[in-house]
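Among the features that Swiss-Prot reports, N-linked glycosylation site is placed at Asn33, Asn109, Asn153, Asn402, Asn488, with the record citing sequence analysis. Among the features that Swiss-Prot reports, disulfide bond is placed at Cys99-Cys114, Cys113-Cys124, Cys148-Cys193, Cys224-Cys270, Cys269-Cys277, Cys289-Cys303, Cys340-Cys385, Cys416-Cys462, Cys461-Cys470, Cys483-Cys499, Cys498-Cys509, Cys580-Cys589 (among others). Marked as domain 'Albumin 3' by Swiss-Prot: 404-599. Positions annotated as region 'Disordered' by Swiss-Prot: 585-608.
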Amino acid sequence: MRHLKLTGFIFFLLSLTESLALPTKPQDVDHFNATQKFINENVAYLTIIASAQYVQEASFEEVEMLVKVMLDYKDRCLADSTLPECSKIANDAIQDMLCDMKGLPQKHNFSHCCRQAGFQRRLCFFYNKKANVGFLPPFPTLDPEEKCQAYKNNSESFLNLYMYEVARRNPFAFAPVLLNVAARFEEAATTCCEQQQKATYFQDKAAPITQYLKALSSYQRNVCGALLKFGPKTLNSINIAVFSKKFPKIGFEDLTSLLEDVSSMYDGCCEGDVVQCIRSQSQVMHHICSKQDSISSKIKACCEKKLPERADCIINANKDDRPEDLSLRTPKFTDSENVCQERDSEQDKFFAEFLYDYSRRHTELSTPELLRITKVYKDLLEDCCNRKNPLSCYRHAEDKFNETTERSLAMVQQECKQFQELGKDALQRHFLVKFTKAAPQLPMEELVSLSKEMVAALATCCTLSDEFACVDNLADLVLGELCGMNKNRTINPTVDHCCRADFAFRRPCFEHLKADTTYALPSVSALVSALRADWCQPLKEDLQNKRHRFLVNLVKWMPEITDEERLCLFTKFTAAGEECGNIQKPEACFSPESSKTGDVSQDAEKQR
C-alpha cells in the first residue's frame, strides 16, 4: 500500500487551491468543467459509496446522516470557500465525518483508525474493507409492486438505498462503476414500473446489470491486489499488456504518457478515494480521445459521449486491428547483437518496450500469458548475457515463448474438455475438490463460490474463438479472489507461495498444488455429525448446498483417496442422507447401527 501515492483533489465544489493544476487549453477546460459538474451532481451517491465501502456494517440510516452532513458541508463551502475545512481532499473529509459521528467508530469497530492520521489513517480505513460479505444480511428483495410503489413514493431515497446495499457488498468496486450501476438500475426501474409484467421485466433488466458489476469489480479488485502485493512495476506491466493489445497501433512514447494517467487512476481508485477515482478515470479517457487518431480507429463514437458513458464505451470497444506491417516476430529483441547492452542501460524501459512490442503483435494472448512470456525473456537474458556469445543463446527466444504458450494452452484445452465432458454440476464438484484440497482452511462458502466462478468462466469462454485468452484471463481473476487484496492474508504455506511468488505464474503454480499436508483432519465422527446436522434440521435447505458442504467435509477428512473412491462415497452418503431426511425420525438413521449410513461409514473408515 506504500506504493499508492494517496494524493487527492480538493473536494466536490470546488474552490481551486494550489494542489489542483488548472487546465489552460480550451478543450482541457471543457473537460475539467464537465468532470466537475458530474462530481457536483453526484455528491450524495459519492458519499454513500465511500461510507458504505469503508464501514460496511453501518446502517442505511447512519449513512443517510452522513449524506446530510456532507451536503451541509458543500453548502458552507459554496458560501465561503476560504474556510480551512474546504481545502480537504475527498477521503480526508469523508473519514473525518465518519470519525466525528457520535458513537459510530465504537459501534462498528473502526475507532482505531480514527486515532491515526494522514497516510496511516487512510491505510487503516482501506484495510477495514472486507471482501467476504457473508456477515451482511441477504440483499433485500421486494415484491415488484412494492418496489415500484417505493420508487414512486420517494425515488431519491429508493435509489440511495439501492446504492448503499450495492456499495457495501462490493467494497473494492470503483466509484465510476457503481455510479453506472445506479444509472442503469434507475433506468430499469423507470421502464419496468410502467409494465404489466413487472417481475419479468425486472428479472430481464437486472441480469446484465449484475453481470456488468461482477465482471468489472472482479477485474478491478484483481488489479488493485496486484498493486498492493507486487507494487507499481507489476501494475504497469498489466496495463502495458492491456493497452497494447487493445490499441496495437499506439506508439511506445504515447503509451508511456498514457500510463502515467492510468497509474494515477489506480492510486486513487484502489485506495477508495471516490472523487480522485472519477477525476483520474475521466482524465485517462480524455487523454485517449485527445489522441484517438494515433491510438485507435474504434473509439470515435465513444469519444463523442459524455461522462460516464464515454469510459464504459471505450472499455467495451473492440480491439483495434493490428497494423499490417507488424510481423509476429520481435526482431529487435531476438536478432540484434546489442540486446544485452540495451537491457543493461535501462532495464525497466527495455522490458516495458518488449512487453509492449510482443503484446501488440500477439493480441490473441491473455494478459497473464504476456506477463509470463516477459518473465521468461528476462530469465533467458539473465543467462544469455553472461555467455561468450549471447546472440546465439537468445536468438532462440521465440521457441521459448512458444513453449510457454503451448503449456498454458494445454491447460485451457484440458479445462474446456472437462467442461464439455462433465457438465456444470460435475465440473463444479471437480473444482470444489481441487480448491478444498489446496486450501482446506477456507470456509465452505468461499470454496463453493470459487468453484462456481471457475465453472462460470469455462461456460463463458469454451465456445468462443478467443477461448484461450478468455479462460486464462477469467481463471486468473478467480485466483485473485482466492489470494485476496491484503498482502498479509495467510491461508497455508503452499497457497501463500503461489499468491506471493510471481503474479504472472500464479495460475501454473496453483495447477501443480498438492493437498495441504499441514491441515489437521477432522475425525470420522465429525464428518457423520456434519451430515446428520445437515439432513436432520427442520429447515428445508437447498439440497445442492448440503451436497457441497458434505463434499468439502469429505475432502478435508480424506484428501488422499482417488477420485473414483471419493465419488463412490459421496454418492452413497448423499443418497443415504436424502433418504434419511425424508423419514419421521432422521436421527436414528445416522446411528452407527443404521444400515443406511453405518456400512458407508465403515467403508469410509477403511478408505482412510
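Glycine residues also receive a Cβ, built from the backbone N, Cα and C atoms like all the rest.
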Between the Cα atoms of Cys462 (disulfide bond) and Cys470 (disulfide bond), find the distance and write it as a whole number of Å.
8
Give me the Cα-Cα distance between Cys113 (disulfide bond) and Cys289 (disulfide bond), rounded to a whole Å.
40
Taking the Cα atoms as reference points, how far is Cys114 (disulfide bond) from Cys124 (disulfide bond) in Å?
9
What subset of the recorded positions Cys303, Cys340, Asn402, Cys461, Cys483, Asn488 lies within 10 angstroms of Cys498 (disulfide bond), using C-alpha positions?
Cys483
Count of other CB atoms lying within 10 Å of the CB belonging to Asn402 (N-linked glycosylation site):
12
Across the domain 'Albumin 3' (404-599), what does the mean pLDDT come to, as a whole number?
84
Disulfide-bonded residues near Cys499 (disulfide bond), in sequence order, restricted to Cys124, Cys148, Cys269, Cys270, Cys509 and a 10 Å Cα cut-off
Cys509
Spacing of the two Cα atoms, Cys269 (disulfide bond) and Cys416 (disulfide bond), in whole angstrom, works out to 34
Cys193 (disulfide bond) in three-state DSSP notation:
coil
Can you check which residue among the disulfide-bonded residues Cys193, Cys224, Cys470 has the largest number of Cβ atoms within 10 Å of its own?
Cys224
Using Cβ atoms only, which residues of the same chain lie under 8 Å from Cys483 (disulfide bond) while being at least 6 residues apart in sequence?
Gly225, Lys229, Arg489, Val495, Cys498, Cys499, Arg506
Close in space, distant in sequence - Asn153 (N-linked glycosylation site), Cβ under 8 Å, 6 or more apart:
none
